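Scroll down for the structure; my scribbles are underneath it.
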Amino acid sequence: MNLRELVSALNDFASPSLAESWDNVGLLVEPSPPHTVNTLFLTNDLTEEVMEEAVQKKADLVLSYHPPIFTPLKRVTWKTWKERLVVRALENRIGIYSPHTAYDAIPHGVNNWLTKGLGTCTSVPLHPSTAPSSPAEGTHRVEFCADAEHLDAVLSKIKDVPEVSCLTTLPARVEGEEQTRVSLNCSQKALLEVMALLSQNSLLYHKTEILLLQKPLLPHTGMGRLCTLSEPVSLSDIIERIKGHLQLPHVRVAVGAGRTLESPVKKAAVCAGSGGSVLKGTEADLYLTGEMSHHDVLDAVANGVSVILCEHSNTERGFLSELRESLTIHLQNKINIVVSEKDRDPLQVA
């Protein structure tokens with residue numbers, strides 16, 4: 001496949017608009033066009049060892065779940081390992097694409113895969129995603145009616161306000177009089193200016209309506225998951241299930257206050273990677289994530305919530321095998337998809 005065609009297909013699989021605002025997702029390194037992709041190489045972390053593996057396996061595009069370029073690079077030299085990744089990629093005509101939190105949000109993504117370790121359960125996003133393109137412009141809608149005497153003067157001033165859009169006028173009959181109904185979209189900042197203009201005419205001001213434009217929630221899409229198990233299971237059994245699902249010999253466990261390893265778990269809040277901010281304050285029997293700060297763990301335990309920590313990338317890496325199958329179908333078997341064998345969590349129990 002042509003690289004741009006493939007990137008478009010990958011964006012259709014998980015829209016970059018679903019990623020968190022602080023994230024750096026999409027195509028990060030692009031070889032000069034035209035660039036054909038025969039082999040897509042999947043990894044959780046793009047380290048130098050993994051890059052050498054990608055070169056050996058003749059990858060044309062690396063899909064790295066974590067973006068190897070996150071903070072801006074001021075230069076591309078051989079001095080730092082992230083700069084060297086870019087150099088090696090371009091020398092070998094290998095593109096780099098990262099989906100990161102877009103894959104966290106989608107219904108068929110990382111968090112959905114992680115919930116499978118709990119057993120049979122239903123789940124909903126902890127922080128639902130909203131539709132990225134609705135409404136198209138503005139945060140507020142302002143509507144008011146004006147007679148012919150005031151209409152032109154008001155409209156001429158409003159049109160000069162920055163960040164006002166979708167301004168429309170329609171004939172209207174108000175209290176037996178022919179008037180014009182004005183509707184416009186605007187930003188929070190522009191709203192203050194528009195209302196200041198309308199306040200100069202008390203009749204317009206007191207009959208003005210302001211609507212908050214809220215984007216609709218996307219079903220089954222968003223950050224984290226709150227899972228309800230079909231039947232309560234003891235914490236000790238959940239621990240064994242998670243270890244089996246993630247293929248780990250050890251996990252770290254903090255037992256909630258007033259609970260034991262035999263206490264039942266009915267609701268579990270799940271977040272792949274670093275889940276402290278996503279899980280915080282959620283009412284559940286268990287928090288399952290890769291890592292949390294010491295103080296977030298203390299807060300959870302004090303509130304009677306048990307915590308299972310599996311290390312950051314251990315809660316993500318196993319998804320790559322499932323991703324390979326999903327992308328094979330999504331891309332209609334047009335390219336070879338390979339999962340890295342060198343990619344691994346940097347931490348181990350010694």
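Using the three backbone atoms N, Cα and C, a Cβ is placed for every residue, glycine included.
Database features, via TrEMBL:
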type    : residues                      : note
BINDING : His66, Asp104, His312, Glu316 : divalent metal cation binding site
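Feature map: annotations from TrEMBL on the structure.
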residue	record	Cβ contacts under 8 Å, 6 or more apart
His66	divalent metal cation binding site	Asn44, Asp45, Leu46, Ser98, His100, Ser313
Asp104	divalent metal cation binding site	Val110, Asn111, Met223, Cys271, Ala272, Gly273
His312	divalent metal cation binding site	Gly273, Ser274, Gly290, Glu291, Asp345
Glu316	divalent metal cation binding site	Asn44, Tyr65, Val110, Ala272, Gly273, Gly290
For this session: Within the same chain, and leaving aside His66, Asp104, His312, Glu316, name every residue whose CB is within 8 angstroms of the centroid of the CB atoms belonging to the recorded divalent metal cation site, in sequence order.
Result: Asn44, Tyr65, His100, Val110, Ala272, Gly273, Ser274, Gly290, Ser313, Thr315
